[in-house]
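Per TrEMBL, the features are:
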DOMAIN    A:6-199  domain 'ABC-2 type transporter transmembrane'
TRANSMEM  A:18-38  transmembrane segment
TRANSMEM  A:50-71  transmembrane segment
TRANSMEM  A:92-119  transmembrane segment
TRANSMEM  A:131-152  transmembrane segment
TRANSMEM  A:164-181  transmembrane segment
TRANSMEM  A:219-237  transmembrane segment
Amino acid sequence: MLYYAKTEALRMLRNRRYLIFVVAFPVVLYLINAGIYGKQTDDSGVPYSVALMVSMAAYGALAASMMSSAVPWAQERQTGWLRQLQITPLPGWAIIVTKLCAAMLLVLPSLLLVSVVGVVVEGVSLPVGTWVPLLLALWLGTLPFVALGLAIGSTLSADAAQPAAMISMFALALAGGLWFPPEAFGDTMRTIAELTPSYRYADLGWSVIAGQGLPASDLLVVGAWGLALGAAAVFLYRRATVRS
Amino acid sequence: MNAIVFDQVSKRYGDVLAVDDLSLSIESGTTVALLGPNGAGKSTSIGMLLGLLKPTGGEISVHGHAPEQAVAAGELGAMLQDGALIPELTVKELVDLVRRLYPRPLPLDQVLELADLGELAGRRANKLSGGQAQRVRFALAVAGAPRVLLLDEPTAAMDVESRLRFWRGMHDYAAGGRTVLFATHYLEEADQHSDRVIVIARGRLAADGTAAQIKARAGGRTVRFTLGEQPAAGLDLLPGVTAVEVEAGAVTLRTADTDATLAGLYRGTTLDVRDLQVAGAGLEDAFLALTRES
């Protein structure tokens, strides 16, 4: 099973679409934005170069968690690779758990790369006590998005899963304030944003760098979304693999 | 000991009965061809053997266990009709991935050798030809050293070269005392590569025996002639005749004794027979006759 997870990760790292959209894109976006606004500071005195680093790392992680789960999974279901695995001794639950672990693993490259660029290029400097909770929160917080990706992959055909995953990802990124600071939103948008898992997820990161720790409300909302989408993913996976 | 047992198995999809009260048993260590035209129920039977489909009625066992348990124990390996590979992985990585999911797999080198994939080991799956991909799928089926190997129309999409290599690999694998069941709609393949042929048509058992027995049972020769508007009734009563087909005034008789049939036709009837032809039944004819009877 470990080897299965390793090959799953390996195949995505060889996938050009994954590398460009998921790994390279957030880094480039960060460099452009930080180049323009990096020197300014926000209300709580955090330089934009740091806040943007968190936003772009969150965006990269969101993109990675959805793109490395939904489409490959839908393809495997459709093309018969899933059936090839179903007739091996590997139990059904192990397939989906491995997919989940591999997708979580694939979140790390974009998350870490944006951070490294932040430190090396933009001169971001944070104490270790901030880095550790920041990266852990941004990593483990992707669980709801991986679950959403797998739910999409269990439900739609490969052709439909691609746009569905893209649209969900962009909607979550926009509504969650990953591209434009949430302070720029109107009241209505702000209320919507606070209900999304993506805003709450990124807010975990923003709160850490503002020195506020991990807000319980954010953890609660992200956790609730994780549970709800996780349950949906399990249900849809079972429906997709049922023996008729 | 029986490797595979079907006990009054049926499978219904809505109104269609894909497998109809099928009972058979396959002895451990034999290579058996499951022969039948498209839609005969071959793939459905294999799907049920693998636990991918649930029978509507009856029971299936593999070495005395339910299919799901046999799969979990790594007793079964299979090459299904549609099975894509992961495009970004190499042949070697794919084979190794599946190999490691089984409790007692074959060594990697041996799998690659069996499927004749030595030179292709480092190639990515999306750079393989159709026939090469089929050989990789054969490798995946045998990688876990399953005691029972199921192959669903394994040579589809293979060129002559790949076909030869594939059958060689299959025989090498079967030689270790393992059981192989392969589905095909070519009697020739069944004839050349199996110890026993099970013919199914419309979900039912049509014939069961060695390839030679099947050919003999299907009737040796055919007599063809034109009858025009004359009635064809009574032709089935002629000596030696095992089957009669009439199509637009043209009659085909299948007979076990050509001389007796012709004597009966000329002396025993007043029919005006034209364009008479006598031919030995080919393999395909034999097969068609069998599947039409049931």
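Glycine is no exception: its Cβ is also placed from the backbone N, Cα and C atoms.
Contact between the transmembrane segment (A:131-152) and the transmembrane segment (A:18-38) is not supported: fewer than 3 Cβ pairs lie under 8 Å, counting only residues 6 or more apart in sequence. Within its own chain, the transmembrane segment (A:18-38) is flanked in space by residues 12, 47-49, 52-53, 56-57, 59-60, 63-64, 67-68, 106, 109-110, 113-114, 117-118, 121-122, which lie at least six positions past its ends and keep a Cβ under 8 Å from the stretch. Long-range contacts of the transmembrane segment (A:219-237) within its own chain (CB-CB distance under 8 A, at least 6 residues past either end) are made by residues 96, 141, 143-145, 147-148, 150-151, 154-155, 194-195, 197, 200-201, 204. Tertiary proximity for the transmembrane segment (A:50-71) is limited to same-chain residues at least six positions away from its ends with a CB under 8 Å from its CB atoms, namely 12, 17-18, 21-23, 25-27, 29-30, 33-34, 37-38, 42, 99-100, 102-104, 106-107, 109-111, 113-115, 117-118, 122, 124, 126, 134, 138-139, 141-142, 145-146, 148-150, 152-153, 158, 161-162, 164-165, 168-169, 172-173, 176-179, 181, 198, 201-202, 205-206, 209.
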